[in-house]
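For reference, TrEMBL has these:
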type	residues	note
TRANSMEM	B:9-26	transmembrane segment
TRANSMEM	B:32-52	transmembrane segment
TRANSMEM	B:59-78	transmembrane segment
TRANSMEM	B:98-119	transmembrane segment
TRANSMEM	B:131-147	transmembrane segment
TRANSMEM	B:192-211	transmembrane segment
TRANSMEM	B:242-265	transmembrane segment
TRANSMEM	B:277-304	transmembrane segment
TRANSMEM	B:325-345	transmembrane segment
Amino acid sequence: MEILLQQIINGLVLGSMYALVALGYTMVYGIINLINFAHGEVLMVGALTSWAIIVTMQESMPGTPGWIILILAMLISCVVAAVLNFAIEKIAYRPLRNSPKLAPLITAIGMSILLQTLAMIIFKPNYKPYPTLLPAAPIQVGGAVITPTQIMILGLTALSLAVLMYLVNYTRLGRAMRATAENPRVAALMGVKPDTVISATFIIGAVLATIAGIMYASNYGTVQHTMGFLPGLKAFTAAVFGGIGNLAGAVVGGLLLGLIESIGSGYIGVVTGGVLGSHYSDIFAFIVLIIMLTLRPSGLLGERVADRA
Amino acid sequence: MAGKPNKKIVVYAVSAVVLLVLPLLLQGMGNFWVRIADMALLYVLLALGLNIVVGYAGLLDLGFVAFFAIGAYMYGLMASPHLSETFAWFAKMFPTGLHTSIWLVVPLGAFLAGILGILLGAPTLKLRGDYLAIVTLGFGEIIRVFLNNLDHPVNITNGPKGLGQIDSIRILGLNLGRPLEIGGFTLSAVTLYYYLFLILVVISVVICHRLELSRIGRAWMAIREDEIAAKAMGINTRNMKLLAFGMGATFGGVSGSMFAAFQGFVSPESFSLMESVMIVAMVVLGGIGHLPGVILGAVLLSAMPEVLRWVSGVFDLQRLTEGRLDASILRQLLIALAMIIIMLLRPRGLWPTREHGKVPGNGGK
């Protein structure tokens with residue numbers, strides 16, 4: 001039982017990160033129908049920037065409380081990632097808005113490789129330890145342990161989701177976003193500026209991805225230039241799983257995927273008598289996805305099936 | 001469309017001569033250059049296969065490298081001592097390992113890859129566009145994870161260590177792994193492989209070209225342009241899509257087995273998602289659905305970076321930039337920039353088709 005509870009906690013933590021990244025994918029897809037392959041790299045840039053800030057601050061201002069450093073690092077790296085993502089959209093995706101659909105897909109892939117390479121050149125290719133800023137002492141919860149970092153992750157996810165939901169449901173910008181996602185042409189006729197909305201979407205996505213990146217780094221304790229790839233892929237899977245284009249779907253998909261992965265890798269050894277190990281944890285996401293899409297091609301909460309490839 | 005028939009023949013003859021003489025010239029500069037040409041031809045083969053799936057039928061497949069891997073491991077297992085070294089019962093039957101003839105392995109690899117292609121296609125028939133993309137991507141990853149982990153409990157793939165000591169290709173008593181002497185002139189092993197790959201590419205181009213003009217090809221393009229209309233015209237879209245997956249995968253299987261024989265070594269590293277992405281990029285950058293374009297894209301993206309690697313070695317970039325920029329980083333940087341810039345300047349590819357108004361996933365929703 002303790003193992004199960006522990007795996008559920010781990011799964012929720014993992015799932016929160018997937019959910020935040022998945023929101024970025026799903027918002028972009030919902031509006032411009034693009035699989036933004038560079039989104040995982042935005043997470044990486046956010047995490048590496050925050051690492052650089054934390055390390056410099058710890059050196060130059062010793063004695064500053066951890067949480068202040070963390071908040072400052074988070075704010076600055078969010079701004080950096082937001083500016084970057086805004087620029088990426090403007091340079092690589094906007095000029096291709098009316099081109100064949102595979103063209104922006106290729107620039108997105110190119111952007112993803114470019115960001116990884118640049119990050120490698122700037123930050124060197126080695127793994128860097130990510131400082132622990134919160135107290136390390138774990139807290140016992142009914143036989144399982146939860147660390148302050150994990151509590152921060154869950155809290156931060158809840159907060160980000162609340163802010164996002166408010167933004168999307170109760171603000172002018174949110175209404176414009178929903179309208180553009182529904183039908184960009186009609187939205188434009190109603191006075192919405194699609195370009196502004198799309199830029200805003202990329203900025204919001206970048207902020208969410210950076211938060212997820214910092215969580216990821218704090219949870220695993222290392223950062224590196226390739227760290228964005230796998231979470232990006234999983235988050236995209238989560239977005240499709242929940243029904244791409246659907247915000248609630250992305251959150252549900254992310255959390256479910258985190259839980260499945262964590263419980264799956266916790267039990268696969270037991271179930272198969274040690275034949276299959278936790279090395280296989282990375283494929284749960286995909287197996288679940290394939291089964292899911294076979295049964296429900298539009299995802300868990302998705303309604304419309306794209307009628308064109 | 002094309003010029004006068006005899007002008008066309010001249011173009012063909014000139015390119016044939018160039019292609020035949022090329023490795024002999026390159027050989028003089030060193031086997032490194034012939035190797036690059038060999039790899040470029042293998043990528044052409046792969047890109048031609050993927051072009052059937054993406055270019056003709058409009059099904060975005062991001063896991064194409066899985067079929068390449070299957071062909072490669074198939075050849076690797078059947079033409080290396082690995083199985084005999086691992087299994088006692090197997091060693092009893094074949095003490096030195098299976099050294100299967102290529103006339104058996106290559107068709108078998110192609111067949112297996114084709115079957116898997118159809119198996120992958122079957123559950124995804126209902127899916128379109130991006131959903132299909134992510135499922136195929138997942139499939140590619142699943143295959144890679146298995147290749148990486150099937151070294152226990154039973155050691156089949158030798159895990160991350162990969163399979164080594166794979167036989168080179170023998171055709172009619174000619175061992176392509178050894179240099180061949182003809183009247184005082186030596187053809188190196190890589191040059192022999194070059195000719196083999198060239199033959200395969202020519203055969204594939206002919207097959208693809210005939211397919212494009214056939215009923216099947218037109219059915220695929222109809223599905224690509226408008227699936228519902230195609231169905232209404234009486235095209236069996238299910239069978240046609242499965243056929244596209246199967247045919248494309250077959251190409252992947254063949255080039256995989258060639259790759260294994262050429263390298264003499266296979267490991268899961270060669271079959272990462274990045275490889276799949278690169279093959280898609282070749283097809284799209286060149287000009288999706290257009291044979292000359294696809295070939296151009298494959299040659300550019302596979303050969304250009306290697307040439308750049310050499311250039312950066314000559315100028316000793318690593319020292320100039322204090323170790324921050326080495327050949328492989330520069331190569332990656334330039335591939336990325338090429339992908340972005342080419343698409344921004346020519347969103348329909350470097351050498352697009354003229355006749356088709358649409359390519360898969362055309363602009364509007």
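Backbone N, Cα and C define each Cβ position, glycine as well.
Counting Cβ pairs under 8 Å that are 6 or more residues apart, the transmembrane segment (B:277-304) and the transmembrane segment (B:325-345) reach 3 or more and are in contact.
If one looks beyond the transmembrane segment (B:131-147) by at least 6 residues along the same chain, the residues whose Cβ comes under 8 Å of a Cβ in the stretch are 59-66, 69-70, 73, 120, 123-124, 157, 268, 271-273, 276.
The stretches the transmembrane segment (B:242-265) and the transmembrane segment (B:32-52) are in mutual contact, each linked to the other by at least three Cβ pairs under 8 Å (pairs 6 or more apart in sequence).
Only residues 6 or more beyond the boundaries of the transmembrane segment (B:59-78), in the same chain, are considered here, and those with a CB under 8 A from a CB of the stretch are 46, 49-50, 53, 98, 100, 104-106, 108-110, 112-113, 116-117, 120, 129-130, 132-134, 136-141, 143-144, 147, 156-157, 163, 166, 241, 244-245, 248-261, 266, 268, 270-273, 275-277, 279-280, 360-361. Sequence-distant contacts of the transmembrane segment (B:192-211), counting only residues of its own chain at least 6 positions beyond either end whose CB sits under 8 Å from a CB of the stretch, comprise 19-20, 22-23, 34, 37-38, 41-42, 44-45, 48-49, 51-52, 56, 169, 171, 174, 176, 179-180, 217, 247, 251, 254-255, 258, 262, 291, 295.
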